[in-house]
Amino acid sequence: MITNILLLTLVVFAMLVVMIVIKVPISFALGIATLGGVVLVSNLPLMVIAQRMFVGLDSFTLLAIPLFMLTGQIMAMGGVTRDLMNLSMVFVGWMRGGLAYVNIVASMIFAGITGTASSDTASLGGILIPTMIERKFDKDFTVAVTATSSTIGIMIPPSIPMVLYAIASGTSIGQLFLGGVVPGIIVGFGLMSVSAVISKKRNYPAEKRYPFKESVKICVRSLPALGTVVIIIGGIISGFFTPTEAAGVACFYTTMLGLFYYKELKVKQIPNLIYQGAMTVGLVALMIASASALGWFFTSQGVPRAIANGLMAATQSKVIILLLINAVLLFVGCWMDLAPAVTLFTPILLPVAVAVGVDPVHFGIIMVVNLAIGLFTPPVGVCLFISCGIAKIAITDVLKAFIPFFLVMMIILMLITFVPQISLFLPSLLMRN
């Protein structure tokens with residue numbers, strides 16, 4: 001039985017890999033792999049594929065995703081992004097290589113509002129990359145800082161991949177959001193430590209230190225923008241909002257900020273923002289639906305149980321099993337978009353992790369950090385491609401600059417993997433019930 005399951009798994013995954021290699025869109029590749037698997041298992045009707053795709057999207061919580069995306073777009077258009085960068089400039093811009101620190105700190109703040117990495121790269125990178133290049137920062141370093149710091153966007157809440165993981169695993173979204181705070185901050189400080197060493201070595205410039213009165217003025221002006229973070233995180237943790245409700249309120253709040261506080265967002269721009277968001281969400285939804293169908297197929301055939309039993313029979317070492325899971329997720333992150341990766345591999349790998357005593361919240365953070373690293377690694381690194389496009393530099397010219405950042409991220413990943421309290425401290429403290 002296990003041999004048949006493993007053979008079926010290998011055949012279906014081989015189909016998926018072939019589809020990806022020949023550049024079939026990922027949503028269609030997942031659908032074709034599901035179809036192939038259902039055909040191979042003769043007792044399943046084909047109509048089950050459409051049914052499972054529908055079920056995969058039949059979730060109120062999923063509505064948070066388009067609302068968080070729209071919030072990020074409104075922020076970028078409404079002038080909020082600029083204020084967040086000015087706030088970061090007050091606190092860290094005066095240090096050597098200050099713009100690199102600003103890039104990272106702004107990403108950490110921006111992460112608390114949008115929940116995505118690509119919007120972080122596009123919004124902050126669109127402003128900071130040209131500025132850093134103008135201030136004589138090397139292009140490869142500028143791209144590396146921007147792409148790697150953008151990944152914090154899916155660690156610090158709200159996080160769209162965490163929403164997807166919560167739906168796939170039945171884990172509390174509030175606990176996941178809290179679990180990502182400390183790892184996200186650690187990643188931020190890790191990236192800043194790399195930037196500090198490189199900035200000193202290359203003698204990158206510091207920015208001017210703002211006078212005290214101007215610093216206070218910038219901080220006060222930024223308070224309404226930071227209110228979005230309070231609405232999202234505070235509302236969810238306190239139980240006042242569900243994640244979807246928090247996303248809706250945050251979307252409305254940032255719209256009001258853009259229209260009446262910053263006065264840079266125009267009413268006539270809103271329909272176009274909604275249209276652009278709908279186009280993006282349509283693509284993401286199709287990927288989620290296809291991945292959900294394939295994940296259900298594997299679960300129905302007992303693949304997670306077979307993998308767990310096989311690994312437990314081969315080794316009882318929790319360390320080895322977690323290292324293998326990390327290796328799988330790192331590889332997947334290099335080749336697959338976040339949404340389908342989380343939706344597909346959560347039902348497959350979570351039972352294995354739980355079998356060796358890993359808390360589901362802790363495993364969710366491990367998965368997100370692994371896939372975050374994939375966002376700046378070829379061949380599908382979205383943040384890498386966006387940053388290179390803004391800087392107008394070839395990917396092959398920047399890969400060397402990523403090495404120190406990659407190494408630090410790997411060290412942090414190992415810490416998060418083998419020190420569970422990094423992820424579980426805040427959830428256990430603030431959401432004991």
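Using the three backbone atoms N, Cα and C, a Cβ is placed for every residue, glycine included.
Note that this is a predicted model, so its numbers are computed, not measured.
Quick look at what TrEMBL lists:
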TRANSMEM  5-22  transmembrane segment
DOMAIN    13-422  domain 'TRAP C4-dicarboxylate transport system permease DctM subunit'
TRANSMEM  28-48  transmembrane segment
TRANSMEM  60-80  transmembrane segment
TRANSMEM  100-129  transmembrane segment
TRANSMEM  141-167  transmembrane segment
TRANSMEM  173-198  transmembrane segment
TRANSMEM  218-240  transmembrane segment
TRANSMEM  246-262  transmembrane segment
TRANSMEM  274-299  transmembrane segment
TRANSMEM  319-336  transmembrane segment
TRANSMEM  402-426  transmembrane segment
Original post:
What stretch, picked from 60-80, 141-167, 218-240, 246-262, has the most CB pairs under 8 A with the transmembrane segment (402-426)?
Top reply: 141-167
Original post:
What stretch of 28-48, 173-198, 246-262, 319-336 shows the most Cβ pairs under 8 Å to the transmembrane segment (274-299)?
Top reply: 28-48
Subject >> Within-chain partners of the transmembrane segment (60-80) [C-beta distance under 8 Å, separation at least 6 from its ends] >> reply: 110, 113-116, 119-120, 122-123, 158, 160, 163-164, 166-167, 173, 225, 228, 242-244, 246-248, 250-251, 254-255, 257-259, 262-265, 269, 273-274, 276-278, 280-281, 284-285, 288
Original post:
Per the 3+ Cβ pairs under 8 Å rule, pairs at least 6 apart in sequence, do the transmembrane segment (141-167) and the transmembrane segment (218-240) touch?
Top reply: yes
**OP:** State the residues, same chain only, that lie 6 or more residues beyond the ends of the transmembrane segment (218-240) and have a CB under 8 A from a CB inside it; answer 'none' if no residue qualifies.
**Re:** 71, 75, 80, 83-84, 86-87, 89-90, 109, 112-113, 157-158, 173-174, 177-178, 210, 246-247, 249-250, 253-254, 257, 261, 430-431
Subject >> For the transmembrane segment (100-129), sequence-distant contacts whose Cβ falls under 8 Å of one of its Cβ atoms, 6 or more beyond its ends >> reply: 68-69, 71-73, 75-76, 80-82, 84-85, 87-89, 91-93, 137, 141-143, 145-147, 149-160, 163, 184-185, 188, 191-192, 195, 198-199, 204, 207, 225-226, 228-229, 232-233, 250, 254, 338, 372, 375, 382-383, 386-387, 390-391
Subject >> For the transmembrane segment (28-48), sequence-distant contacts whose Cβ falls under 8 Å of one of its Cβ atoms, 6 or more beyond its ends >> reply: 8, 11-13, 15-16, 19-20, 287, 290-291, 293-294, 297-298, 300-301, 340, 344
